[in-house]
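Asker: Have a look at the structure that comes next, please.
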Amino acid sequence: MRKYQARIISIILAMIFIMFWDYLFYFIGKNPINWPVDIVYTAVTLVSVWMLAYYIDEKQQLVKKMKDNEWKYKQLSEEKNRIMDNLQEIVFQTNAKGEITYLNQAWASITGFSISECMGTMYNDYFIKEKHVADHINTQIQNKASSGMFTAKYVTKNGTIFWGEVHYKLYYDRDDQFTGSLGTMSDITERKEAEDELIEINERLARESQKLSITSELAAGIAHEVRNPLTSVSGFLQIMKTQYPDRKDYFDIIFSEIKRIDLVLSELLLLAKPQAITFKTHQLNEILKQVTTLLDTNAILSNIVIEKNFKETDGCMINGDENQLKQVFINIIKNGIEAMPKGGVVTISTAKTASHAVISVKDEGNGMPQEKLKQIGKPFYSTKEKGTGLGLPICLRILKEHDGELKIESEAGKGSVFQVVLPLKSDS
């Protein structure tokens, strides 16, 4: 009914006016009734009033629609601003000159500049103008590109520099003239620092790998060159030993040291020039039993008891080179035995996870302080007086080739635990 309100009211008022006029003209004025003129006059008046009222109704409806649309637009605008202000990314808009025309609240949070002080300023005033960035933007506009991305260093209000990744859209008019841009910017400082750190680590590893390769070649050459004359010296000393029986003790010391030098050279060659690995499937417990049987005599002579508990890995199969894996376990168990010169217990136990076997070797020795623990595994570093410092580096290399790892827990005065972690053979 509201859309006909003006017409209804106008017609009622017009009818009242006509009736009042007729009353004055015919009854009060005593004029004769002229029906044709009266009917035409009444009809023209009602139609005119109806048309005028129709225009008023339409205008009122149009005004109402405009107010409704204005209210809806205001609601949408407020909703859009709420959404934009809750975004973690900066949203910006610029005109053809590059002046900022819109910013969301994230701009203030990230850069420290208030939105009001930045409106109308040049967007590129807030990042470091590197040539590749400027060239990229100019090329995009010249090529009429619709969108793109670049990274740049931004400067906050307090002078802090951070990395920003910008994704933008470019807009043009009908004449292909640039009219402005709309985009988002994310703070990628942590990601950029991680990428730079990864690049630096890779470069450092590449340099170290090259150094190790050269060092390995050099070590292998030195080992061969030393071993050859050492063999000759040993042979001549054997002859001299028979000629000087009263100097037997001296010769025994010399031969003991030659044997030690030969052991160091052997381990150095093994570390520098590893042999080809033959991977086969083996029962883990069988390898451990063979190693402990081999070392039982050595342990007894050192007043050491070897306690074994392999139940957790019964039937567990691993892929690897049997001899190299035995070498790992022999080195680690011997370290445990040598860590207790006054005797004690070496405990060897196993456990397994869904994908790995864990072999633990625990001794009751003096343990190691943290500063020494950090050095363990470096070539020629040994905590033992007569150690070569090559046993653990060899173990680490072998385990790496078997996709395994070595974990060491030690505390001064409380002994050490060496854990060998090896992948189990897949059932597939």
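For all residues, glycine too, the Cβ spot is worked out from N, Cα and C.
Note that this is a predicted model, so its numbers are computed, not measured.
So Swiss-Prot has the following annotated:
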- 76-147: domain 'PAS' (DOMAIN)
- 148-200: domain 'PAC' (DOMAIN)
- 221-426: domain 'Histidine kinase' (DOMAIN)
- HIS224: phosphohistidine (MOD_RES)
- 8-28: transmembrane segment (TRANSMEM)
- 36-56: transmembrane segment (TRANSMEM)
Asker: Restricting attention to the domain 'PAC' (148-200), give the mean pLDDT.
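Answerer: Mean model confidence (pLDDT) across the domain 'PAC' (148-200) is 89.
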Asker: By DSSP, what is the split of the domain 'PAS' (76-147) into helix, strand and coil residues?
Answerer: 38 helix, 14 strand, 20 coil
Asker: What does DSSP give as the helix, strand and coil breakdown of the domain 'PAC' (148-200)?
Answerer: 12 helix, 30 strand, 11 coil
